[in-house]
Every structure is written in structure tokens, then in C-alpha cells.
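A short worksheet on the structure shown next.
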Amino acid sequence: MTRVLVLNSGSSSVKYRLFDGSATVAKGLVERIGEAGGEVADHRAALQGIMAEVDLSGLAAVGHRVVHGGTEFTSPTVIDDDVVARVEALVPLAPLHNPAALTGIEVARKLLPDVPQVAVFDTAFHATIPPEGVTWAISRELAERWQIRRYGFHGTSHAYVSRRTAEVLGRDPGQTNVITLHLGNGASACAVEGGRSVATSMGMSPLPGLVMGTRSGDIDPTVIFHLHRVAGLPIDEIENSLTRHSGLQGMAGVNDLRLLLEKRAAGDPDAKLAFDVYCRRIREYVGSYLAVLGRVDAITFTAGVGEHSAVVRAAALSGLEPLGIAVDPSRNERHDEVVSPPGARIPVCVIPTDEELEIADQSRTALSLPR
Ligand code: AMP
């Protein structure tokens, strides 16, 4: 069995998980890096702390989660100086996300110089979306010059759960069409045709699409012009508002869906509306992807909300019975792997995601290592 360390470096945190084969032998989270009163001063200290705590002897690879791979990284990539330079060149496309991964990569390469390192990109799974699914109807010249197009994110999660869905249903993943709904703090939908992504709801950044904990999801871009021109807000403030103070947080004052459900149960009208907006947006994307795929073999819920909230699953799919889509109340309450009624035309599944395991597996594949 080969041991792989998976690192997910954020701007002020490092999440790690050490695998031996598919078993987790250690995991943890270093938070508030660099903050006053935080655990450690910087990413280097964070990784040194992890290395002091976890036995990394016999490590075969380090797999790094990298959010944005642009158009050039369409598969897991063994890291060398050239790859680092190319990921650096993508920072303008992902200023809120890629710098942290680069810091993690730089520190890990210095501290573990003899261990091969692999970059696994959130965007890579969506490289198979056809041009008409990634192109926006804006000036071609502007789009090409500034790399403006849909890239999509959460790729490791959509890849993992769509494959697992086929396995759970006893089907060949290469012959199975799945609509995957990753509903965590970030949220996105994906249409998967025979194991390949053909549509997804996030765009150039993880901002558009479904309603999220603190991100707005889809809005009319005119909102930004209006807030700038009429309300006089600086562009950075608008970005901050749409990414950190919108979504459930913006509508109802809480970003955690459990708290939203509590407020809704207590009769809070903002929480009720936020829940309805959240669920309706999911239903709109399900309808859209039914049309993109034509034949759908399963709809799969995953991530924090998707795996644990029966009420969201039921509300998001309500009214779709004429399309052969429904949830069985008791299966749904139990969070069974299949929550649709027996014999349903389109099975509805609940599949726990495991992005770190997928990153470990993809890292091994990139290095031709056995599991
Ligand atoms: P993730 O980003 O996948 O960790 O998901 C985080 C989201 O999952 C948060 O909004 C949580 O409120 C939500 N979540 C976690 N557990 C539950 C639960 N039991 N019921 C409803 N939502 C949950």
C-alpha cells in the first residue's frame, strides 16, 4: 500500500489527511494561520507542525488541491518548477484561491524534497464540457484575450460521487448519466454523461450558480454596475459582499443551513424566503440538466447539506413526480444511499463525497503508483 499525504491549503488554514491505501491514518486542520493569537505564524510553520505530529516515513506522494487549473491543466499533474510557474500565471484568474495552494506547494517541496508532489485541480473534471457549455455570449476578442469562460469547480467531488452513484446502482460508470448536486458551504451542480462532465453551474470563479452559504450564486451582472454607479460602492467591496455576505448569510443572517432551518421553524420570514430561494435554484438546475442530458439515470446529493438535510432534498425535488423524480419520506429521513421510492424512473441518491480520497487516488494515478 502506498502512503499519500493530501494537503488542502487555504489562505489561513491547512487541511491534511494521510492515506495508506484508501485508509486514513491521520488527519487534521491547522487554522487561523498568521492571525493574531492564531495557532502558527505561517504555512511553513503549519506544515512543520504537521510533520512533527504525523509519521511521514515511507511517503510516496503529496497531493495538493489546487482550485484553478485554467484551460491548460486538464488532469492531475506532477509538480516541477515549470508547473509552479504555470499555476502562478493563473493567479489573476483565481486571486482568492490559487495563492494559498502555491504557498502550500512551495513549503511542501522545500520540507519534503524527495517526495513527488502532484497538483489536483478542481477545474480539471470539467475540461470535457463542450464549447457551447463553457462559452458566454460576449465579445470573442475580450473572452480570448482575458481567458473569460466557464471553468467550473468541485471537480474531484463531482467525479467521485458520479462514479460512486453508478457503483451503488450496479451500473457501468461509462454508461451512466448523473446529475450531481454538491451542496456544502460552496455549492454546485454538474451534469455527468458517461463519467464525463458536460455542464456545471460554477463559472470563471466559484461565485455563480446555486445559492451558497455566503456566495450569491447567479445574479444579473447589472447588479454590480448598479452597486458601483448608483450606490457608489468600490469594486472590491462589491466582490466582498457577493462572496462573503450574500447567499443564505445575506438573505437570512446565517450561513449554516442548520441555523437557517431553526430560524425558519421559529417563523422567521427571511429564513423561509432564503430556504425557498435556495431550493428553487437547485430545482432550476436539475431541470436544466435534464434537458442537457436527455436521459438521466440518477440524481445524487452530496456534501454537508446534500448528505444530511432530508428537508432540502425533498423541497428541491418537490413537484417533479411527473418527470419520474421523487423521494421516499422514510428512506430520505434515514439518508439511505437510494432515497427514491422502489422502482422510481430516476433514482435519487445520497452519496458522501470524499474529495481527499479522490485527490490521493488521482495523485497515485499521475505517478503510476499502486493504491
Ligand atoms: P461542507 O462544506 O460540505 O462541510 O458543508 C457545510 C454545510 O453543511 C453547512 O452549511 C452546514 O450547515 C451543512 N450541514 C452539515 N450538517 C448538516 C445537517 N445535519 N443538516 C443540515 N445541514 C447540515
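The chain as shown is numbered from 1 upward.
Positions of Cβ are set from backbone N, Cα and C atoms, glycine also.
Annotation comment: TrEMBL describes ASP122 as active site, proton donor/acceptor. Positions annotated as Mg(2+) binding site by TrEMBL: ASN8, GLU355. Per TrEMBL, the feature ATP binding site maps to LYS15, HIS182, LEU183, GLY184, ASN185, GLY186, ASP256, LEU257, ARG258, GLY304, VAL305, GLY306, GLU307, HIS308. The substrate binding site annotation in TrEMBL covers ARG65. According to TrEMBL, the site 'Transition state stabilizer' annotation covers HIS154, ARG215.
With respect to ligand 1, the binding-site residues LEU183, ASN185, ASP256, ARG258, VAL305 contribute ASN185, ASP256, ARG258, VAL305 as residues with a C-beta closer than 6 angstroms to one of its atoms, given in sequence order. Long-range Cβ proximity for ASP256 (ATP binding site), meaning a same-chain Cβ under 8 A and a gap of 6 or more residues, is found for GLY213, LEU248.
Neighbour counts were taken as the number of other C-beta atoms within 10 angstroms of each residue's C-beta; across the recorded positions LYS15, ARG65, HIS154, ARG215, the minimum falls on LYS15.
When the recorded positions ASP122, GLU307, GLU355 are compared by the number of other CB atoms within 10 angstroms of each CB, GLU307 has the fewest.
Other C-beta atoms found within 10 angstroms of the C-beta of LEU183 (ATP binding site) number 27, with every protein chain shown included.
Taking the C-alpha positions, the distance from ASN185 (ATP binding site) to ARG215 (site 'Transition state stabilizer') comes to 9 Å.
Cβ neighbour counts within 10 Å, taken over all protein chains shown, single out VAL305 as the most crowded of the binding-site residues ASN8, ASN185, ARG258, VAL305.
Largest Cα-Cα distance over the residues recorded as binding ATP, namely LYS15, HIS182, LEU183, GLY184, ASN185, GLY186, ASP256, LEU257, ARG258, GLY304, VAL305, GLY306, GLU307, HIS308, equals 23 Å.
Taken residue by residue with DSSP, ASN185 (ATP binding site) is part of neither helix nor strand, so it is coil. In this structure the alpha carbons, written CA, of LEU183 (ATP binding site) and HIS154 (site 'Transition state stabilizer') are 10 Å apart. ASP122 (active site, proton donor/acceptor) sits 11 Å from ASN8 (Mg(2+) binding site), counting Cα to Cα. Across the structure, ASN8 (Mg(2+) binding site) and LYS15 (ATP binding site) are spaced 5 Å apart at their Cα atoms. The shortest Cα-Cα distance from GLU355 (Mg(2+) binding site) to any of the recorded positions (LYS15, HIS154, ARG258, VAL305, GLU307) is found for HIS154.
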